[in-house]
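The annotation domain 'Peptidase S54 rhomboid' is assigned in TrEMBL to 114-249. Summarising the annotation, TrEMBL assigns region 'Disordered' to 1-21. The transmembrane segment annotation in TrEMBL covers 41-60, 123-144, 156-174, 180-201, 208-227, 233-251.
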Amino acid sequence: MASRVDIEEGGNGRKPRGAEANSSAFDYGHVSVGESEWTSWVVPMFVVANVAMFIVAMYVNNCPANPNPYGSCVAKFLRRLSFQPLRQNPLLGPSSSTLEKLGALEWNRVVHEHQGWRLLTCIWLHAGVIHLLANMLSLVFIGIRLEQQFGFVRIAAIYLISGLGGSVLSSLFIRNSISVGASGALFGLLGAMLSELITNWTIYTNKFAALMTLLFIIAINLALGILPHVDNFAHIGGFLTGFLLDLFYWYDHGLAGMRAACFLMKESQDQSTWLISGYWRQ
């Protein structure tokens, strides 16, 4: 979930790869003969970074040090890391002013104050524990398997660029509140999964099951967008970005394969011509 926060008003380590055609984001009935996988380490690093940023946000927030008209802090035993009152932030997290200070996406600051860096920093912030858990569980569930299939460079690029794409679309439509969360990046991974399914359609023995599984995951996450403080524009922007990135990847590899095939055919033709001409000279 990408959280649209308005709470003041009450998501060379590898093993040798097998044939590329056998690599896919799903295991639902596709052929996997001879397939080997990458070792996943980028996705766990992203999870650690998101959790660390949330702890930093709570430390900066320091609820007990700031008198609050909404009531007392939640989980006071955490002291400086205790949460804002539930009336102010029902997601168990910091105040919106803290998130804005740390780099939350805010249209006015991006457009009028030229703080474009917020388009990236916002994907590392979360509105609360509930928000963080939902995104990180989704990232682990989706991302680790994808990294094993795609490799760390490709998965990192899709994650970061999709997060940026989700932030851009969100900033175009949401101007009255701040937005934080990694779900634009997460939806980018889902978009890449759909592109992977389409471009490798012929390797699946149970195409309908694979497609329905993916669409179900997408529908559930989009349904969460109707909840308060959740930003569906980041979902859509991230999804489209991830889909197009992966589609371009396969298109580019397809062109490279065609060029290689043409080169080999030309070399073979040249060799054949040389042998034939040599034979007739004898």
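Even glycines carry a Cβ here, placed using N, Cα and C.
Just so you know, TrEMBL annotations never went through curation; they're auto-generated.
Taking every listed stretch (41-60, 123-144, 180-201, 233-251) in turn, the largest tally of C-beta pairs under 8 A with the transmembrane segment (156-174) is reached by 233-251.
Same-chain neighbours of the transmembrane segment (180-201): 1-3, 5, 11, 21, 23-26, 30, 46, 50, 99, 104-105, 122-127, 131, 135, 138-139, 142-143, 146, 149-150, 155, 158-167, 169-170, 207, 210-211, 214, 217-218, 221, 231, 234-247, 250, counting only residues six or more beyond its ends whose CB sits under 8 Å from a CB of the stretch. When averaged over the domain 'Peptidase S54 rhomboid' (114-249), pLDDT in the model lands at 85. Residues in the domain 'Peptidase S54 rhomboid' (114-249) partition by DSSP class (helix H, G, I; strand E, B; coil) as 109 helix, 5 strand, 22 coil.
If you look at the transmembrane segment (41-60), the same-chain residues 6 or more away from its ends with a CB under 8 A from one of its CBs are 13, 78, 80-83, 93-94, 98-99, 101-102, 124-126, 129, 132, 135-136, 139-140, 143-144, 146-147, 152, 155-156, 159, 182.
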